[in-house]
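Down below is the structure, laid out as structure tokens.
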Amino acid sequence: MVSVQKVPAIALCSGVSLALLHFLCLAACLNESPGQNSKDEKLCPENFTRILDSLLDGYDNRLRPGFGGPVTEVKTDIYVTSFGPVSDVEMEYTMDVFFRQTWIDKRLKYDGPIEILRLNNMMVTKVWTPDTFFRNGKKSVSHNMTAPNKLFRIMRNGTILYTMRLTISAECPMRLVDFPMDGHACPLKFGSYAYPKSEMIYTWTKGPEKSVEVPKESSSLVQYDLIGQTVSSETIKSITGEYIVMTVYFHLRRKMGYFMIQTYIPCIMTVILSQVSFWINKESVPARTVFGITTVLTMTTLSISARHSLPKVSYATAMDWFIAVCFAFVFSALIEFAAVNYFTNIQMQKAKKKISKPPPEVPAAPVLKEKHTETSLQNTHANLNMRKRTNALVHSESDVKSRTEVGNHSSKTSAVQESSEATPKAHLASSPNPFSRANAAETMSAAARGLSSAASPSPHGTLRPASLGSASTRPAFGSRLGRIKTTVNTTGAAGNVSATPPPPAPPPSGSGTSKIDKYARILFPVTFGAFNMVYWVVYLSKDTMEKSESLM
């Protein structure tokens, strides 16, 4: 009996010991640290190979995740590393981005010691990836230096992160009506090329506000300021189905500095220069013509150069309107001078015609003419009587002559002749009356002949010199000659006063300032200043930023 009872007790003790041993082993396994596991995994890379091989075993990368079942959701976000430049002529912009896509592929689930499998670009070609393309992209380049810039990660639950670095040149439709005070919303549109929204849709990873990041240092724009960006999504219908399109709008506002220096200030200075001609004398035709032609050619050059930085649009921009108005002011200044010159010439021609017309006849004119004729006849009779008296005086003096030496008489005779000839000639040259000049000349010549006859030889061959040097005859003869000169001068002066018409009035010189110039000096600057005020107030206060909805 005793031996039978001892055997079950020993068996019970051995069972308890075994159970306690198993419990201690299990506790030791549970207390093992993860670091030791990871260390073991590093030491055993064949574990990763085994996991990847198991994932790709029977995997078909031609089929999307959940094929024939639920819709595949692709989450996206964009990080901009460089934005710019923007081309107005080509209407496009360029930027470098990190384009990230995330989706879930349950076929790539795995159970292993590592949370994330960080793989290179070689794995990309072995699994399914979204067929994303940029709808408004003109040229997109994936960087491959020094290796393809792609990132691929697989998580335990089958979530996949696919990132690549791209340089995208996208189209940016621009409405340049308000150029250069304009703003634009340049879109970036992307979506699936083959899968409609019934099979694949796109969403933003971090929501609409934070899914697109553009750091300030990434902007490399010269003519624009990057104000911000907005995101949206839309559905586009086509013959192959409806597709989800994701859109990012980059809002740009143009800088005015370049165009102020290059176009606006030169145009304003050219208009002011054209108005300087209003202050130049209207007789200075070459100077004013040079001002007008030079300013017109300058405005033409400015208008051509301003269009070089723009596409060949069919509508007028804000700068085109400003240049057109400035050109109109410059051209009007040239036309204003042409009008001034034309009306000045007309006034001078009218004044010359008035001067060339004979003065109206006065009723007393015939009476004056008759009086002038009578006066001329009286002067003629007086000159004849005076000539007779002179001849009588010469003959009486020749009878009272004394005998002198022949040499002295000859010299005195020549002196008298020279004086008698010079006196009437000088008087004739200064006398304006033809009647008085003729009568005086005859009288003086007769007196000279009388003196010469006094010295002529006698019939007996002897000379009869006149004694001009006697004291009795010299004063009488001199006084008579003086009276003759006085009478001739008086007669000639009277005839001159009655016969000579008054001198004509000088023609108008046309000097002075034209009334057109006076008005233009005030009208042109005031009008141009008012235009500038309205122009700048309207465009600077106007919201010229394009709305995102207008581009959709």
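Here the Cβ of each residue, glycine as well, is placed from N, Cα and C on the backbone.
Here is what Swiss-Prot records for this protein:
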{"type": "TOPO_DOM", "residues": "36-259", "note": "topological domain 'Extracellular'"}
{"type": "CARBOHYD", "residues": "N47", "note": "N-linked glycosylation site"}
{"type": "BINDING", "residues": "R100, T163", "note": "4-aminobutanoate binding site"}
{"type": "CARBOHYD", "residues": "N144", "note": "N-linked glycosylation site"}
{"type": "CARBOHYD", "residues": "N157", "note": "N-linked glycosylation site"}
{"type": "DISULFID", "residues": "C172-C186", "note": "disulfide bond"}
{"type": "TRANSMEM", "residues": "260-280", "note": "transmembrane segment"}
{"type": "TRANSMEM", "residues": "285-305", "note": "transmembrane segment"}
{"type": "TOPO_DOM", "residues": "306-318", "note": "topological domain 'Extracellular'"}
{"type": "TRANSMEM", "residues": "319-341", "note": "transmembrane segment"}
{"type": "REGION", "residues": "353-480", "note": "region 'Disordered'"}
{"type": "COMPBIAS", "residues": "407-422", "note": "compositional bias 'Polar residues'"}
{"type": "COMPBIAS", "residues": "445-458", "note": "compositional bias 'Low complexity'"}
{"type": "REGION", "residues": "492-513", "note": "region 'Disordered'"}
{"type": "COMPBIAS", "residues": "500-509", "note": "compositional bias 'Pro residues'"}
{"type": "TRANSMEM", "residues": "516-538", "note": "transmembrane segment"}
{"type": "TOPO_DOM", "residues": "539-552", "note": "topological domain 'Extracellular'"}
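Confidence for the topological domain 'Extracellular' (306-318), expressed as mean pLDDT, is 89. Sequence-distant contacts of the transmembrane segment (319-341) (same chain, six or more residues past either end, CB-CB distance under 8 Å): 179-180, 259, 263-264, 267-268, 270-271, 274-275, 277-278, 282, 285, 288-289, 291-293, 295-296, 298-300, 302-303, 306, 514, 516-517, 520, 524, 527-528, 531, 535. In this structure the alpha carbons, written CA, of T163 (4-aminobutanoate binding site) and C172 (disulfide bond) are 25 Å apart.
Within the set of recorded positions N47, R100, N157, C172, C186, the entry lying nearest in space to N144 (N-linked glycosylation site) is R100 (CA atoms). DSSP places the residues of the topological domain 'Extracellular' (306-318) in helix, strand and coil in these numbers: 2 helix, 0 strand, 11 coil.
Cα to Cα, C186 (disulfide bond) and N157 (N-linked glycosylation site) are separated by 38 Å. Considering only the recorded positions N47, R100, N157, the residue whose Cα is spatially closest to the Cα of C172 (disulfide bond) is R100. Secondary structure at C172 (disulfide bond), taken from DSSP and collapsed to helix, strand or coil, is coil. Around the Cβ of C186 (disulfide bond), the number of neighbouring Cβ atoms within 10 Å comes to 26. Separating the Cα atoms of N47 (N-linked glycosylation site) and R100 (4-aminobutanoate binding site) is a whole-number distance of 29 Å.
Less than 8 angstroms from the CB of R100 (4-aminobutanoate binding site) sit T76, D77, I78, Y79, L161, Y162, T163, T205, each of them six or more residues away in the same chain. Within 10 Å of the Cβ of N157 (N-linked glycosylation site) there are 11 other Cβ atoms, across all protein chains.
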